[in-house]
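K.L.:
Per TrEMBL, the feature domain 'ABC transmembrane type-1' maps to A:66-274. Feature annotation from TrEMBL assigns transmembrane segment to A:12-37, A:72-91, A:103-124, A:155-174, A:210-233, A:253-278.
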Amino acid sequence: MILSRQIHSYWQALPLTLILLGFLVFPICVILVVSFWDYNEYSLIPDFILENYEFLLTSNVTLKAYLQTFKYAFLSWFFTFLIGFTLAYFLAFHIRSQKNQTILFLLCTVPFFTSNIIRMISWIPLLGRNGLVNSALQTSGLIEQPLDWLLYSDFAIVLAYIHLYTLFMVVPIFNSMMRIDRNLVEAALDAGAAPWQILKDIIVPLSKSGIMVGSIFVFTLVMGDFITVKIMGGGIKANVATLIYNEISLLQYPAAAAGAIVLLITVLMMLMILFRLVDVRKEL
Amino acid sequence: MTNRPMSFYFLGAFFILFVLFLYGPNITIAILSFQGENGGLTFPMRGSSLHWYAQLFERQAVGDFSSALLRSFVLGVMVMICTVVFSLLAGLAFRKHFVGSSMVFYLTLASLILPSILVSLGIGLMFDRFGFTPNWFSSGFGSHLTWTLPFGLLIMFAVFNRFNPSYEMASADLGATKLQTFRFILLPLLAPSLMGIGLFGFTLSYDEFARTLMTSGALNTLPLELFAMTTNVTSPVLYALGSVTTLVSLCVILLTLVLLKQLNRKPKHQGK
């Protein structure tokens, strides 16, 4: 009986599993194999060499790129967390009717459905040398020369990440906040707790899982991103993924593969730390 | 707690600022896409015209925009259908614990979390090594599914966690076959969520860039076309293209919301 029940589960889960095996697990195995291969300008040469890794791990460029990547990841996480938490708190605890909650929530969600590239190029007329921000600052007399660091800079990159990924913080934090028993807050109020005490001792601890899920999203998205750095950094900034992207454009696949494997290991190590702190499966 | 505390207005203002931050840039380029023929990438507007929109549909001017749009659209629909069907099946599978279920679950999470460029590179290399030609409808299709299926399955989990199984039990008690229960009870109840998954699937695929990079083969999808344009086009035609694709996404969202409303209305009418 139990077995026949399980059989249904197996064929039902099969299509998804097959696609993930064929288009995720197997390709990553291919990357792993190719990362040990040799190459010249024309072709890949099956081999087992460690040079790709050796070059990668001893290069100053890699080190700098990793430092940049962690900097972007940390700054983006910090700001998306602050903004995302505040927004989720407002939606969950200050908006009382469920209908309004849904409407405001949808309002935040809509931009998520439009292309990231468009959302990035949308910043050009605002941040450029002759952009709106610079002209506004100049007309108001705050600055004399246009600010150059607004576009094609670390500032622009982090700003774009905040623009793109804050939603990934809002959704899980909002979700866990909605599950907090409102009686707890009432009881704390009755017991004379100050608003910030409620926040610190009840709301933050109880929305920890949402914060974790959001952090995982933002961290991993920023770690693996190369388009934002390419577009918002104007081609002069580099993180780990842009290095891989450049190697792909130069058809240096084994080198790109080695870079990809090192990135994969880095991301997995970070995730292991985060997963220790929260059981994702319980949160769904 | 009857009176609104001060913090409500403070947070409300913060929310409004955030929404402005979210939409401001998009609105800016939407306005700028109506630049006159001599207008540039920034303000001031030099007249207003539909010149840049007209440019989009002239083949030579900015590359092959309309076929890219068509390809992205067809791919989006294919991905949408598969995402809905496969996520529903997998969601049903996960309602009972089966041996290996946690492996499938972690595989799905991995698919969501691993950097897109890895998936792209891997599938590209795999096709290259096996001598297959990458195409947007084969390798591109597969790579998009690795992005949309996890979202679909996670939504299914959320749905089934809030799902009341007593409807199914009642149906079974009344002598319905499993297939009938599925067709007449489960499917109508799940329909709104499935449409949500479809919406996710379509737009995620329609806008996907990184996973398409090495998997689309010789022919560009729309995001690839856009990316190529960011590096070599410096005219408002870029904004026109941006506004058009945003409009398509918005239409899909609106259409889904309207259909959802219709679906929610139906049972009430039948009740009367």
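Backbone N, Cα and C atoms are what each Cβ position is placed from, and that goes for glycine too.
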K.L.:
Please check if the transmembrane segment (A:210-233) comes into contact with the transmembrane segment (A:72-91), where contact means 3 or more CB pairs closer than 8 Å and the residues in each pair are separated by 6 or more positions.
P.N.:
yes
K.L.:
So, do the transmembrane segment (A:72-91) and the transmembrane segment (A:155-174) meet, by the test of 3 or more Cβ pairs under 8 Å (sequence gap 6 or more)?
P.N.:
yes
K.L.:
Under an 8 Å Cβ to Cβ limit, what residues of the same chain, 6 or more beyond the ends of the transmembrane segment (A:253-278), are close to it?
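P.N.:
28, 31-32, 34-39, 44, 52-53, 55-57, 62, 66, 208-209, 212-213, 215-216, 219-220, 223-224, 240-241, 243-244, 247.
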K.L.:
For the transmembrane segment (A:155-174), could you work out the same-chain residues 6 or more beyond its ends whose Cβ comes under 8 Å from its Cβ atoms?
P.N.:
72, 75-76, 79-81, 83-85, 87-89, 91-92, 105, 108-109, 111-112, 116, 119-120, 123, 127, 149, 207, 209-211, 213-215, 217-218, 221-222, 225, 228-229, 231-233, 237, 283
